[in-house]
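Below you'll find the structure, written out as structure tokens, and then a few comments.
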Amino acid sequence: MQVHKGCRREKRTKTDYPPQDEDARSDVTEGADDDEQMYEGEYQGIPHPDEIKEARRAARLEARRKARQAAQQEEEEENLPEQYEAIMEDCGHGRFQWMLFFVLGLALMADGVDGFVVGFVLPSAEKDMCISNSDKGLLGLLVYVSMMVGALVWGGLCDKMGRRKCLIYVLTIDLVFSFLSCFAQGYGFFLFFRFCSGFGIGGSIPIVYTYFTEFLQMDKRGEHLSWLCMFWMLGGLYASFTAWGIIPHYGWGFAIGTEFQIHSWRIFILVCLFPALAALVGVIFMPESPRFLLESARHDEAWMVLRRVHDTNWKAKGEPERVFTATNIKTPQTQEDEFIEIQSDTGTAFQRWTVRHMTMLQQVMANIMSLSAPELRLQGLFLVIVWFCLAFSYHGLGVWFPDMIKYMQYEEYESKVKVFHRERVEHFHFNFSLVNQIHREGEYIHDKFANIEIKSVKFEDSLFENCYFEDVRSTSTFFENCTIKNTVFYNTDFWQEKFKDCQMENTTFLHPKKGCHLNFEVENDIVIYMVSFLGSLAVLPGNIISALFMDKIGRIRIIGGSMLVSSACTFLLLLSFSQGAVICWQCLFYGTSVAAWNGLQVISVELYPSSKRGTAFGILNGICKFAAILACSIFAAFIGITKIIPIFLAFAALVCGGLVALKLPETREKILT
């Protein structure tokens with residue numbers, strides 16, 4: 001019973017307290033229930049374990065997604081070269097490639113012409129514009145510098161803007177500024193226009209080879225790229241032949257007023273624009289490289305171009321019914337492309353232009369930096385060495401050959417100089433030219449010099465009294481330590497610099513000729529044109545041999561063998577004791593070394609992937625121009641001093657480059673990556 005009473009008492013105790021209202025609940029338990037309890041660590045900023053698990057789960061899913069995307073992208077990129085090669089084989093090699101071959105060949109020919117223009121016009125331009133020796137050297141230097149910069153800039157841009165578009169820009173810049181240089185009367189403007197022209201045409205070589213390579217199938221690349229190299233030879237032949245036929249004809253010029261003179265050397269520059277103009281017209285009708293379009297994720301455009309190549313070739317072969325079977329050509333879109341597309345729909349027109357071009361600049365710089373990747377570093381170093389060595393020897397000897405011939409001519413001319421000592425001439429009329437003479441301690445009293453030419457004449461310690469000079473033209477003529485009294489110079493080109501330490505008394509200069517005298521018989525010796533013409537023609541056999549055997553024996557053997565054979569030819573230059581011998585060894589050297597150039601240009605476009613091909617070739621071509629600048633300055637310094645040092649330098653460079661070339665990978669059966 002007590003137990004029951006206790007139970008009842010306990011039960012009663014529980015019921016003694018009335019139930020509490022909802023508002024009377026403690027503040028501590030307010031808002032808390034059994035299902036949603038507050039995590040204590042939240043007050044300390046510690047994430048809930050469930051949140052940590054969820055974040056880890058999301059990170060794993062994102063990592064898997066990215067891995068699948070990367071694997072898919074890598075697989076597509078690995079499949080693209082084989083797919084593209086199969087498509088090019090299906091398109092065949094025919095009319096389209098040959099049309100592109102001639103168009104791009106004209107662009108390469110324009111570059112070859114530009115390399116000869118300055119050398120041919122300089123003897124006349126320095127007289128026409130009174131260019132000093134230091135300024136003359138500056139012109140040749142700046143042209144090479146501008147071509148070096150152009151190769152670097154346009155090579156990088158063609159990987160981002162497109163091969164066709166950049167080639168149009170390059171040819172347009174060359175045409176505009178070359179045309180303006182024809183009419184530049186001052187040396188400063190002429191220098192500026194030639195610099196801009198060089199900047200334009202300097203980018204043609206990297207673009208042309210990259211452009212043409214991407215339209216060729218693997219078994220056609222070596223041969224047809226070698227045939228393309230022949231257009232550079234044709235550029236040299238064209239420049240030499242037209243210079244020979246135009247520049248010496250002084251009467252072919254014309255004048256606009258008294259200050260604006262257009263001499264024949266300016267007409268020669270105009271004629272040299274024809275290859276670039278023809279190339280520009282042709283490129284406008286050519287399509288963009290489909291490989292570049294695919295790399296830029298422009299699949300539909302690439303498909304249309306490839307179909308055009310296919311239909312053009314098979315229609316020309318009499319099979320117009322053949323159908324282009326490629327239906328799915330896909331490459332992944334890059335982050336840079338997405339970034340540009342996003343930004344293209346925002347901001348003002350100027351902001352969009354700025355974003356696009358700044359992004360493009362960043363991509364070009366990233367492309368340049370990516371060339372130092374481990375898989376490209378070693379082969380890139382070998383290529384740089386071979387390019388530098390070949391360019392150093394080739395361009396160095398290219399300067400040495402004509403300069404050596406000029407020096408031999410000068411020595412021969414000096415050996416025939418006539419010396420007159422203490423002659424006295426009174427009341428005499430000089431109506432005949434004075435050529436290659438030295439007059440020492442002479443006396444000329446009441447003499448008249450009228451309507452004559454004085455060429456390579458020096459008057460030393462002589463007296464001119466009561467003399468009269470009228471309509472006199474002079475070349476390399478000077479008066480040293482002379483006394484000139486009561487003498488009149490009327491309509492002559494005797495300037496102050498031609499009188500060295502002379503004493504003048506009552507001397508008058510009337511109507512002096514403006515500008516410098518042009519003597520085309522002296523300044524434009526046909527031997528120089530003949531040397532350039534024969535040197536350009538001599539590479540024809542080497543071009544043919546390299547084109548026929550490039551795909552049979554391989555690029556490496558062509559490059560190494562050609563450079564080593566050329567190095568042996570340099571020793572024959574020690575036997576060059578006459579102008580004829582120099583010309584003979586020049587032709588032999590050019591004929592053997594051209595195969596190395598062809599092989600080097602072929603392997604340079606095959607080693608690098610499509611997204612970096614133009615950038616890499618531009619850098620290599622820029623190094624070539626730098627080597628040319630260095631070699632020209634070194635080799636020219638030894639003219640008339642010794643032949644041994646230039647020959648040894650050329651030999652060492654060729655041997656070094658030839659041996660390093662044997663370390664390069666063979667690309668004969670390499671699919672463009």
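Using N, Cα and C of the backbone, Cβ positions are placed for all residues, glycine too.
Taken from TrEMBL as is:
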- 1-12: compositional bias 'Basic residues' (COMPBIAS)
- 30-39: compositional bias 'Acidic residues' (COMPBIAS)
- 100-668: domain 'Major facilitator superfamily (MFS) profile' (DOMAIN)
- 1-56: region 'Disordered' (REGION)
- 98-125: transmembrane segment (TRANSMEM)
- 137-154: transmembrane segment (TRANSMEM)
- 166-186: transmembrane segment (TRANSMEM)
- 192-212: transmembrane segment (TRANSMEM)
- 224-247: transmembrane segment (TRANSMEM)
- 267-286: transmembrane segment (TRANSMEM)
- 380-401: transmembrane segment (TRANSMEM)
- 526-549: transmembrane segment (TRANSMEM)
- 556-577: transmembrane segment (TRANSMEM)
- 583-603: transmembrane segment (TRANSMEM)
- 615-638: transmembrane segment (TRANSMEM)
- 644-662: transmembrane segment (TRANSMEM)
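Across the domain 'Major facilitator superfamily (MFS) profile' (100-668), mean pLDDT in this model comes to 84. Outside the transmembrane segment (98-125), and at least 6 residues removed from its termini, the chain residues within Cβ reach (under 8 Å) are 131, 136, 139-140, 143, 147, 167, 170-171, 174, 178, 190, 194, 197-198, 201-202, 204-205, 207-208, 211-212, 215, 224, 227-236, 238-240, 243, 247, 263-266, 268-269, 272, 275-276, 278-279, 282-283, 286, 402, 518, 520, 523-524, 529, 532. Against the transmembrane segment (192-212), stretch 224-247 shows more Cβ pairs under 8 Å than any other of 224-247, 267-286, 526-549, 583-603. With respect to Cβ pairs under 8 Å, the transmembrane segment (224-247) is most closely packed against 526-549, considering the stretches 267-286, 380-401, 526-549, 556-577. Under 8 Å from some Cβ of the transmembrane segment (267-286) lie the Cβ atoms of residues 99-100, 102-104, 106-107, 109-110, 113-114, 117, 120-121, 164, 167-168, 171-172, 174-175, 178-179, 181-182, 201, 235, 238-239, 242-243, 246-247, 252-253, all in the same chain and six or more residues away from its ends.
Through the fold, the transmembrane segment (556-577) approaches residues 386, 389-390, 393, 397, 404, 542, 546, 549-550, 585, 588-589, 592-596, 598-600, 603, 643-644, 647, 650-651, 654-655, 657-659, 661-662, 664-666 of its own chain, all at least 6 residues removed from its boundaries and within a Cβ separation under 8 Å.
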